[in-house]
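The Na(+) binding site annotation in TrEMBL covers GLY76, VAL79, ASN83, ASN341, LEU470, SER474. If you look up TrEMBL, you'll see 40-57 marked as compositional bias 'Acidic residues'. Annotation comment: TrEMBL describes 696-706 as compositional bias 'Polar residues'. Per TrEMBL, region 'Disordered' is recorded for 27-57, 674-707. The transmembrane segment annotation in TrEMBL covers 70-88, 100-121, 142-169, 226-247, 259-282, 302-323, 335-356, 458-483, 495-513, 533-550, 571-594, 614-639.
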Amino acid sequence: MPKNSKVVKRELDDEVIESVKDLLSNEDSSDDAFKKSELMVDDQEEKDVDVEEGSDVEDERPAWNSKLQYILAQVGFSVGLGNVWRFPYLCQKNGGGAYLVPYLILLLIIGIPLFFLELAVGQRIRRGSIGVWNYISPKLGGIGFASCVVCFFVALYYNVIIGWSLFYFSQSFQHPLPWDQCPLVKNASHTFVEPECEKSSATTYYWYREALNISSSLSESGGLNWKMTICLLAAWVMVCLAMIKGIQSSGKIMYFSSLFPYVVLLCFLIRGLLLNGSVDGIRHMFTPKLEIMLEPKVWREAATQVFFALGLGFGGVIAFSSYNKRDNNCHFDAVLVSFINFFTSVLATLVVFAVLGFKANIINEKCVTQNSEKILKLLKMGNLSQDMIPHHINFSSITAEDYNLVYDIIQKVKEEQFDSLGLKSCQIEDELDKAVQGTGLAFIAFTEAMTHFPASPFWSVMFFLMLVNLGLGSMFGTIEGIITPIVDTFKVRKEILTVICCLVAFFIGLIFVQRSGNYFVTMFDDYSATLPLLIVVILENIAVIRIYGIDKFMEDLKDMLGFSPSQYYYYMWKYVSPFVLLCLLVASIVQMGLSPPGYNAWIEDMAMEEFHSYPTWGMIVCISLMVLAILPVPIVFMVRRCNLIDDSSGSLASVSYKRGRIIKEPVNLEGDNTSLIHGKSPSEVPSPNFGKNIYRKQTGSPTLDTAPNGRYGIGYLMADMPDMPESDL
């Protein structure tokens, strides 16, 4: 035994006695101090000296500057491009105003409860997605890695959409707008309109030919589109600069990127309501079709939209909430952000259909004018009798109502010959029924409507700047879902990791700025996230409710919030949400199996889209995306199950309590044969050092499972020191 062993033992005894007294006094008289305790899981080398010297350990984890900044970050992440170009389409397609009923029901059943769960877990454990699930059970650590992989896949193509928006934004500073009219082609003898544009429309031609310069199939690469390559680089530079300091840099940008879209949406709504036909669009939008609401497909699409609108499973929600104080009211945050997201979708729907109603009104007026001229020609040729036409009809200034009256009369009188006359029914509802979504809505339909606005360049600049901000807000959360877990787990420098991540993503993203890149965006959007995220969220629910324990989790929530959450969440988490998620997973698999895998290719000669099936290598890529995204879950499970790697260092399980703080215990040291948290056998767990391990498992205490225990879910374990008098305890 070393000469100074008695001195070491005396110092150890004094420290244990003092610390235990502190712990007991805190437990008895100052319960609030425990509620404000914070979880620190750092490298073994960090803060060990503080434990030895008895000093307080400071939590160096970054924190939000204000509650408003945090709420704006969560709103910016959850409110994205899907609210503007996906929700209105689903609302129109699935029964108009009636679609809001299943959406709200599913928001209450799976949306808010699961969003609340992710917020609470991140805030409680104060780690990213990898650390959170590794903490609950190391065998489930693959859930966090799977979230990171999905985030990376989504970030690859999502930033391409921001690049497209940047391109249109840069082209909006001119009058007239470049997509206002079809270009003219000159040859040696005469000038004529570009055939591809003449067969489609000016905005459609500009999107496919000028912006994307799209190829005719997935297999035809066509080389890089240099304009979009520059825009993609600019988008990644913006993301990198905003994220390089983590929430300390991105948090400040949130004030603009999260609030600016609301300013633009309100401006568009006010301007749209002043346009002819806008009320027709809104009326058409919210006219309920109750019979459609009973179809299972409507509920499946509503559940999918709720699921993705809140960003569940990506890890961004957990990452953002991990920077909160432990006593933050995350229940209020979950309800607030969920309903902000919902009302944003409704606001965007009002704007979209006010503008589309205006566009439909213009198209309908052109239809009336053209068909009125046809009727006049038929009257002059004698194919129609003047007696059919009511006397009050004036074809030089005919209204849509008068034209439809004449149309109905001609259709009844000339029933057998009517088809040969070539007349069309000009109904504004027919135009509004042409459902568009995604890029078709943003870059074709909406841009066409804006060309008819007074001061159209101004509105175009505002619209595409709004899209850029909506995209950036979601990108910040997506990148945070990658960076935070890796930094927490592997202790790399955030600045270096951010730069490397953005560089790698940019170079991989070059496949999306080929001439065939739009088809790859469709592929990734369809296959890289849907099924993997559903599986991830189902496993998250199982991890918290079954493995960690729902009763223990409810106790943790009570300690964090200061009040017991409603039993509603207990039953939602334990029974309803898992069942609904499983049904959604099965329905998504069935839908994917029934829908032929393919994409809509733009055919230049016909100036229209044509459905193409994926080639064999394309199918392999689609399957690989899904497999790679979910593969970390079984790999980590088998590695942990079979003890294939040494898990003694960097374990998130080894924690103890000291002076109002939770700190990491060194685990790969000598002198003990028991585990602090995970109830492992002496052979499985390295022994902690006597001089540093202050609180250890008591002899005879029950073995702990994979989830931490105790009043606050940590398990405050005191040392069983053989030479310590009982009176000292």
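Here the Cβ of each residue, glycine as well, is placed from N, Cα and C on the backbone.
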For ASN83 (Na(+) binding site), list the number of other Cβ atoms lying within 10 Å of its Cβ atom.
24
Local Cβ density at GLY76 (Na(+) binding site) - other Cβ atoms counted within 10 Å:
27
10 Å Cβ neighbour count around ASN341 (Na(+) binding site)?
24
Is it true that the transmembrane segment (100-121) and the transmembrane segment (335-356) have 3 or more CB pairs under 8 Å, sequence gap of 6 or more?
yes
Between the transmembrane segment (226-247) and the transmembrane segment (495-513), are there three or more CB pairs that fall under 8 A, provided the residues in each pair are separated by 6 or more in sequence?
yes
Is the transmembrane segment (335-356) close to the transmembrane segment (302-323), in the sense of at least 3 CB pairs under 8 angstroms with a sequence gap of 6 or more?
yes
Surrounding residues of the transmembrane segment (70-88) on its own chain - C-beta under 8 Å, 6+ positions past either end:
64, 161, 247, 250-251, 254-255, 257-259, 261, 285, 305, 308-311, 316-317, 320-321, 323-324, 333, 336-337, 340-341, 344-345, 348-349, 352-353, 437-439, 441-442, 467, 470-474, 476-478, 480
Stretch with greatest number of CB pairs under 8 Å, the transmembrane segment (142-169) reference, 259-282, 571-594, 614-639 candidates:
614-639
Cβ within 8 angstroms of the Cβ centroid of GLY76, VAL79, ASN83, ASN341, LEU470, SER474: which residues besides those meet this for the Na(+) site?
VAL75, PHE77, SER78, GLY80, LEU81, GLY82, SER258, PRO261, THR344, GLY473
